[in-house]
Amino acid sequence: MGSSSSMWTVCVILASLASAALCANPRRPVDVQFGRNYVPTWAFDHIKYFNGGSDIQPHLDKYTGTGFQPKGSYLFGHFSMYIKMVPGDSAGTVTAFYLSSQNAEHDEIDFEFLGNRTGQPYILQTNVFTGGKGDREQRIYLWFDPTKEYHRYSILWNLYQIVFFVDEVPIRVFKNSKDLGVKFPFDQPMKIYNSLWNADDWATRGGLEKTDWSKAPFIAAYKGFHIDGCEASVNAKFCDTQGKRWWDQPEFRDLDAAQWRRLRWVRQKYTIYNYCTDTKRYPHISPPECKRDRDI
């Protein structure tokens, strides 16, 4: 009887740990071919396809970059992409993965990877626009070389928070702070945009480092193309799910303790700019949503 009881206890503990692990992170992404979810939007000839469309390589030259977007628009969900950044001298280039709506007071959720001179690290800039207002930049260095291997970059967006992930590590959280008078993206469907383009007027050292076109073409690589969201192309009200979708469940309304520790690690080790702590920009009081930032 004692042996059976002990075995039962072990099973319960293991089941609890497994359940906690599942709750801690978004559902496992389903990787599909490019054409399943996406279409090119400009400079079609600057995208090359491999492995039957499972992998693509956007190209940037002195004439143009390129981009792609999904076939539908989405309101809430989990969106991810495996990306390998432009290697070598990538100064002046920007590789972008972001969500955006389509009107003047638009919402937007940005990953922007800012290229640099050979040997210097990439900078990952994130930003959040709500009701047409942005200016919420945060910048970090990555703890790996993003040009060597594919890494997954993902966005979890629900009615409670927006979480930016690098692989399984949360690097930023933007909480719903409507009670503080801060707008939150909740009623404008967004498309997922991806692009490789020249931004040497600002991208590297504030525009001091220009794109060296003798190094062109600049080539990034994408795969994965995961979308698990509520398609709202026809009727956005359909996506007002009131807790019916997996991303609305209680375990996804805040980070768990382990995720907060990982986020704190990123903040302490790799953050190089956070608008919430920019006293030159905000000499008297930081923006109200910064009150929800546990590390400040």
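Cβ from N, Cα, C; glycine included.
What Swiss-Prot records for 1-23 is signal peptide, and it gives sequence analysis as the kind of evidence.
Positions annotated as domain 'GH16' by Swiss-Prot: 24-222.
The site 'Important for catalytic activity' annotation in Swiss-Prot covers Asp110. For Asp110 (site 'Important for catalytic activity'), the number of other Cβ atoms no farther than 10 Å from its own Cβ, over all displayed protein chains, is 20.
Under the heading active site, proton donor, Swiss-Prot lists Glu112, citing sequence analysis as support. All protein chains considered, the CB of Glu112 (active site, proton donor) has 19 other CB atoms within 10 Å.
According to DSSP, Arg281 (xyloglucan binding site) sits in a coil region rather than a helix or strand. For Glu112, Gln125, Thr126, Asn127, Asp135, Arg136, Glu137, Asp201, Trp202, Gly206, Arg281, the entry in Swiss-Prot reads xyloglucan binding site.
Neighbour density for Cys230 (disulfide bond): within 10 A of its CB lie 20 other CB atoms from the protein chains shown. DSSP assigns Cys230 (disulfide bond) to a strand. As annotated by Swiss-Prot, disulfide bond applies to Cys230-Cys239 (among others), with the evidence given as similarity to another entry.
Secondary structure at Cys276 (disulfide bond), as computed by DSSP, is helix. According to Swiss-Prot, the disulfide bond annotation covers Cys276-Cys290 (among others).
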Item checked: Farthest-apart CA atoms of Glu112, Gln125, Thr126, Asn127, Asp135, Arg136, Glu137, Asp201, Trp202, Gly206, Arg281, residues recorded for xyloglucan, distance in Å -> 21
Check: Taking just the CA atoms, what is the gap between Cys239 (disulfide bond) and Asp110 (site 'Important for catalytic activity') in Å?
Finding: 22
Item checked: C-beta crowding around Asp135 (xyloglucan binding site), within 10 angstroms -> 12
